[in-house]
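The ATP binding site annotation in TrEMBL covers B:30-37, B:148-151, B:185-188. The annotation active site, proton donor is assigned in TrEMBL to B:37. Summarising the annotation, TrEMBL assigns (R)-pantoate binding site to B:61, B:154. Under the heading beta-alanine binding site, TrEMBL lists B:61.
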């Protein structure tokens, strides 16, 4: 496995693969890797000849009160994990390498599907994601790019701008990887105290309970209220509990497949999760 | 010369060239071609193995009171001209082919350098240009893309987002092609009456006079005023007469290379032109 820290170095490393028309798979990450990320790499490994993983904590997707400075940076450990799952090239650029020292004037914004859920709580976040992911796509020029369904709204935003801008690659969404107790894996889980970590699986439990309720005919509104109640009782501060279509449009009743979305804080740590509940015919 | 009207068709046509790693040159146009466009194609022909010209009147870069509906569409004549100068592939997609029938939520905006000059008079225009040019770049995936310096601000916007987004191609700016009397060639010249066509070269004449004045030590402010006065006297309604650095930053005195910009209307037809005046050392 090679590690490249410059765009030029990465291009040189990828050049033989490109000339040979090999299938390039790309997994963009912010590092601090867990099994969720490694499953993305395993998926890429299955479909592609060459697997590139980027590790870049992107400053422009963090809000002023978010955790950019303290976001965990664990490149050595990440590299060992990536080598084990068959990553070919790690791309770990500096902020200067990605953004240069001239001012950036270009922004990419995706409207409509960013207006609520995490978009509401994190203004500018998805613009920052769209810009950095577009840059990385242009640098790596992969055939396939892999993203986790845990950040479902992010995945939808990426699918949207890839389609709207005719970016020549296929986006693959990979199901959420969970701990044995159901907690969706996330780098931010590392911020939880031992006590909070014990409470955290309530999110997934409440989503699974909601799935059952929906199948039992409980109304969507009531089901969402129940999740909120459960999580508040468990000690969360709930940001939102929402239902959407798979295309992120609002939905009033369980009359088609629905995605249930939760964002909730334990102390200062904000956790998100989602579950698709399928209409049984 | 091939003509392709679908993205899929174009991809198929370009596939052998891509596999053979040939150098692809791209000239995006809105059709109604004149010698200015043909010179872009000739430049592309010099540098590239395969030359693609797109002809697409892009609805999203026209304002509500602009001439989208009436913009001249002359595909047959354009095709003959392109065949003569050695174009390999004409890409002439429909609006539906470019924008599909699902809503577009993605926008690309370039700040700072779009705040004045044509950006001020045409809100949203450069967003529309950035989106369609990015889409075309992603569809054609050229090594080089050619743009005229007549639309200098547009060229600067394209250079900016190409750099900011790491789009993997080189942008080539080609000098303005002029009629014998100095009028910068433009599709919009066709809207001029015979009388207006006689007056139109005053723009270039006033720019050349300004160049001389600057070299004679007349102040930049006075020189700009003189252009305005000359054009107003000649019957133009002046939109702006401005001086900028080559990077489009404001400039107060002729102490470095300067670009003089003019936008002015004859009747309802808006003409633009510019001239670089070099500092003589």
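Using N, Cα and C of the backbone, Cβ positions are placed for all residues, glycine too.
From a predicted model like this one, the values you see are computed outputs, not experimental measurements.
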What is the nearest of the recorded positions B:37, B:61, B:154 to residue B:187 (ATP binding site), using the Cα of each? B:37
Let's check the environment of residue B:34 (ATP binding site): how many other CB atoms sit within 10 Å of its CB? 17
Coarse DSSP state, helix versus strand versus coil, of residue B:148 (ATP binding site): strand
Do any residues at least six apart in sequence from residue B:37 (active site, proton donor), in the same chain, have a Cβ closer than 8 Å to its Cβ, and if so which, in order? B:27, B:29, B:53, B:148
Can you tell me the CA-to-CA distance separating residue B:154 ((R)-pantoate binding site) and residue B:34 (ATP binding site), as a whole number of Å? 19
Candidates B:32, B:34, B:185 (binding-site residues); nearest Cα to residue B:61 ((R)-pantoate binding site) turns out to be B:32
Filtered by Cβ under 8 Å and at least 6 apart in sequence, the residues in the chain of residue B:185 (ATP binding site) near it are B:34, B:35, B:36, B:150, B:176, B:177, B:178, B:179
Taking the binding-site residues one at a time (B:32, B:154, B:187), which has its Cβ surrounded by the most other Cβ atoms within 10 Å? B:154
State the three-class DSSP label for residue B:30 (ATP binding site), counting H, G and I as helix, E and B as strand, and everything else as coil. coil
